[in-house]
């Protein structure tokens with residue numbers, strides 16, 4: 001017991017927490033000399049590596065001077081907030097990682113607030129101090145002010161600070177120390193993080209905080225033993241959060257060391273282990289001693305704030321590019337996702353249509369991107385916010401939005417957001433001619449704003465947002481200004497007709513792209529939809545051309561990635577997703593039927 005420390009790593013996206021965990025792993029001697037350590041070893045999913053973000057909370061364990069340190073890497077995005085809260089219940093200490101230049105970001109605030117409310121005393125790690133524009137002292141002051149604003153206790157305000165450059169593998173307790181290795185950080189963890197409370201002699205109590213799935217073993221629950229001890233093959237009682245009970249045996253008990261998972265025989269109070277043996281396990285369930293059952297408090301997960309409809313692809317080009325195209329395949333895959341992804345919900349809404357709710361656009365687009373890579377073909381509707389009724393009042397989710405932008409663009413941003421029902425809360429000048437703007441805005445107002453924002457700030461602005469609360473409905477929000485250019489023919493697009501269409505707006509397609517009636521091929525420069533023919537070819541004459549009418553110059557099309565396309569579409573459009581293409585189309589393909597439906 002004395003020789004265990006359980007800590008979580010909290011940081012904003014891209015402040016280097018996964019890199020720091022790499023450094024701790026390699027310097028603690030957990031990897032033997034022979035093992036080659038990948039970079040960002042904790043981000044195991046392809047998308048996580050590509051985007052450099054952590055989506056699922058991971059755990060690993062290292063040994064340092066006979067002490068076992070269990071480290072849980074938490075996601076930094078508020079969209080994955082469901083993951084974060086559960087992790088905080090499992091640990092006794094937190095490393096709060098802050099970028100020495102950027103300071104505290106809004107998504108970190110979300111987690112810090114939770115950690116402080118659980119009474120955890122954080123260790124502040126100021127990372128990336130090797131950046132030329134680093135201002136570690138200012139950042140420490142910012143953290144202090146943030147803690148005060150969030151009502152931290154005196155003990156929490158007296159936090160230890162470690163300065164580090166995780167990439168280069170060194171840490172120091174004061175800025176004048178020698179840059180050697182991460183030892184000062186290990187020492188700080190041992191000194192300031194309490195060892196787990198709880199006793200080996202009490203009856204067994206353990207709580208599951210995240211799920212995993214293994215094709216061979218079935219459902220695996222990763223849990224912390226709060227009291228007592230547990231053996232492999234022991235009979236235990238599973239107490240679910242709704243009060244029901246189930247008897248069973250622990251068929252597998254798995255411990256963590258470095259990145260490896262090894263089967264173990266026993267686990268004691270304070271350990272973090274994985275167990276198998278129950279198919280009905282859920283997050284927040286307790287595993288207790290059948291002779292003396294004492295369940296732990298179930299966990300409260302944040303409610304989803306946004307939903308989209310996933311449906312079977314029914315366009316004219318359906319089934320040509322994907323491996324899995326049927327409703328049953330899609331249903332099985334979505335339900336499998338729900339087994340391990342707790343912050344999301346999925347309901348069947350009739351034949352081949354599923355409503356998936358989550359904590360934000362990012363979470364939903366990550367799911368769609370994963371499905372797409374696995375060879376699924378499907379369509380997605382525009383994201384909608386979830387509206388709740390509280391005491392007879394319609395309420396919608398509001399977000400806290402923080403924008404860092406060059407000063408020249410702040411006027412345009414404030415005007416844009418005003419139309420989207422945002423309320424400005426603060427405006428502070430930062431260094432290098434940047435301004436930080438803070439708003440409270442309905443989540444609906446943020447859908448589709450990111451691409452406008454990048455245009456307004458010429459790509460130099462940074463925006464981050466996190467969930468605030470549900471508030472009374474705020475009326476209608478301005479949506480996309482421009483109409484769509486819609487194909488009125490089936491076939492392959494030709495350069496000749498695209499050349500004539502491009503004066504009308506911005507194209508999304510290249511020549512030789514397959515198109516069908518009702519497919520959106522571009523954005524109109526005006527606010528109405530326009531039906532166009534993209535497959536017309538030039539009539540040949542037996543006159544000799546003068547050369548001037550031969551030169552067809554096409555502007556490169558705007559490439560639509562998943563997030564951008566989901567933000568762009570309106571209520572009457574859907575996004576068709578296949579492993580090879582993304583196509584935007586109207587829900588009603590036939591132009592005459594569409595006109596009738598509008599009336």
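Every residue gets a Cβ built from N, Cα and C, even glycine.
Some features that Swiss-Prot has for this protein:
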DOMAIN    2-197  domain 'tr-type G'
BINDING   14, 15, 16, 17, 18, 19, 127, 128, 129, 130  GTP binding site
- Message: With every protein chain in view, what's the tally of Cβ atoms within 10 Å of the Cβ of residue 129 (GTP binding site), excluding that atom itself?
- Response: 21
- Taking the Cβ of residue 127 (GTP binding site) as centre, how many other Cβ atoms lie within 10 Å? 28
- Item | Average pLDDT across the domain 'tr-type G' (2-197), rounded to a whole number | 71
